[in-house]
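Per TrEMBL, the feature active site, nucleophile maps to 333. The S-adenosyl-L-methionine binding site feature in TrEMBL is assigned to 226, 253, 283. The feature domain 'SAM-dependent MTase RsmB/NOP-type' is assigned by TrEMBL to 219-426.
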């Protein structure tokens, strides 16, 4: 049973998403009732954290086994002796998985309260402490050392510095205040550091604040995009046939491209880059509608839909930079049809030189219907859809009884929502492309 309501969206945004997920192709393949059920399940999943925290090991500095042992020691300290397993992913050996236990439904709520902003609340659900900039209000007599109940202001209605708040708020757990109310709201604009140290979070997830920073980095999705990009056996064959002597890879920095005006619609190769690449990873700016947990999104429909034309401009640049025989991987961390499958359909139509390729590893589900892609093409995509598994209540007893293969399966499915497409460029194209 979900402990939170579904993600709070503007009505026009929810209707826009619903129309996509209940498109004619989807409804005809199942039923309207089933499509509606799956859509509602997705909205609920987005408000809850994934079942696992995913980290990657810097194998240039240490072995996975060595870092795993260090991490186990750190987690025992954080969780006060509670033993939580750390799993090595069988397909992605440099990826470690830490199960998130919860929700813990029997935490006693305290009279002294702190209200935090929605983004701060999302971070707390992933294991963070409450930092001072995220605190919106605190009870009148709060002192350093008090036990505090922490709530998220998911509607953004609480006034900064308020002494009480009766609006919509979501309980996140309890913690110990590091500062008094007076210290927090003393008018010093750059006051930073931990304001509330979480001791009883509703979801027990590890904090990675300065934890093994040289050895680990957080990875929101289970799959590593570079693994898909770097499966180059076919690419090497193509390179040999085309007389290419080396494989050059490029992770497209969309932010840099924006700042330098590379995607303003002009012809030619971007001035800050070499002429072409064998491999390009375009991790595109997107609406981020697959991020979890996210209990509230205040974006307007105009903001949500603004990314499709930008992504098409970036795809245009990426295809021009890609050598014949080269591989392009396009990815987003959103669940919208417009930014995923519709972009694939557009790219295949706009660039006749592109063709979809099988992906390895293949961990996600196939693409969603509704963009006019053939069933064979949908199978070549990877859509990670959190609605495919029911919400899990996970405690230490569940962890001790669970089989490793079942936990790996759950980690692969109950993750953030994201998308991957892999193309190969068979021949160059010189025609001017419309971005509309």
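The backbone N, Cα and C atoms fix where each Cβ goes, and this holds for glycine too.
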Least Cβ-packed of the binding-site residues 226, 283 (other Cβ atoms within 10 Å) is 226
Quick note, residue 283 (S-adenosyl-L-methionine binding site) and residue 333 (active site, nucleophile): C-alpha atoms separated, nearest Å, by 9
Within the same chain, the residues at least 6 apart in sequence whose Cβ is under 8 angstroms from that of the residue listed as 'active site, nucleophile' are 220, 221, 286, 288, 290, 291, 416, 417, 418, 419
Averaging the pLDDT values of the domain 'SAM-dependent MTase RsmB/NOP-type' (219-426) gives 83
